[in-house]
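Read the structure below first, then the notes.
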Amino acid sequence: MAVSSVILGLIPVVIQQLGATTIEIGALSLRRPLLAAVLALGSPAVIPKRASDYTPQSVGWNGNQRQVTTGSRVFRRRRNLWQGALHYAVYPIALASLGNLAYLCYQLGYQAVSAFAVGTTFLPMLWAFLALLIHVAGASALHLRYEIRPADPAITGKRMMDWLTSEFVYHYSDSRRIRLDTVGGMREVWFQALTWLLYTATSVHLAFGTMVLASLLFISIADATTILARFIASAIVNRLILVHEFTRIRQLGFISSVEVCRGR
């Protein structure tokens, strides 16, 4: 049982190496907020990031380099069909990963005894989904660091339609690209304070998860290994989806430019 506690206690540390950062989820929320929310719920361990890590490249800016389409017409058509299908397939895949995590936390809460808080059943679920608050704060930090505008100044209104199109439509026109303006003044002060709080909250969340999982009793080594594998599986699935989405953001030049504006 001591070995099982060690395995369970290492789960937050292990999946943190595979999990999503607050910057990645925040950047994805600029293009696909619903998918970003699902991935945030399915990423119980968050990688801490400092204020200096919020660079244009970290949010998907590729230096205004657009993808050059190569290959025959048949090849391009097949590639577009494959990428278009994958654009929609990530939703059921991400939801399946989230379902695996939620059911696993439910099992840990109701089918195991916690020495940390005897009689409680919600601690594993609480630890897993508290990460959503950290990711929401991370997205807020991104909005403090950059002023986000449409790349085309003529685009005004229709925010709901633009959001729906960006979320669900595979191809989008240049009019729906965005521009990031780096701002200073009091927003910079609030950004520095929030990122410091985020870094601290991430460490506390990691310690809380270690304490909750390591305190679970009456779990065999085989079951503990299975639990670890299921957590890792969800983390890997979320990571692969993030890699795919960031590749698309860079290829399509979703972030058109980054400007520096001071004194705001």
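Easy rule for this one: first residue shown is 1, then count along the chain.
In case you wondered, yes, glycine gets a Cβ from its N, Cα and C as well.
Within its own chain, the signal peptide (1-16) is flanked in space by residues 44-47, 206, 209-210, 213-221, 223-225, 227-228, 231-232, 234-235, which lie at least six positions past its ends and keep a Cβ under 8 Å from the stretch. The signal peptide annotation in TrEMBL covers 1-16.
Beyond its flanks by at least six residues, the transmembrane segment (85-109) meets 35, 38-39, 41-42, 44, 120-125, 127-128, 168, 170, 213, 216, 227, 230-231, 233-234, 237-238, 241, 244-245, 248 of its own chain at Cβ-Cβ distances under 8 Å. What TrEMBL lists as transmembrane segment is 85-109 (among others).
What TrEMBL lists as transmembrane segment is 115-139 (among others).
Sequence annotations record features per position, and here TrEMBL assigns transmembrane segment to 196-221 (among others).
Tertiary neighbourhood of the transmembrane segment (196-221): same-chain residues 1, 3-13, 16, 22, 44-51, 108, 112-117, 123-124, 126-127, 130-131, 134, 137-138, 141, 227, selected by CB-CB distance under 8 Å and a gap of 6+ residues from either end. Remote same-chain partners of the transmembrane segment (115-139), defined as residues 6 or more beyond its termini with a Cβ less than 8 Å from a stretch Cβ, comprise 20-23, 25-26, 29, 36-37, 40-41, 43-46, 49, 101-102, 104-106, 108-109, 194, 197-198, 201-202, 205, 208-209, 211-213, 215-217.
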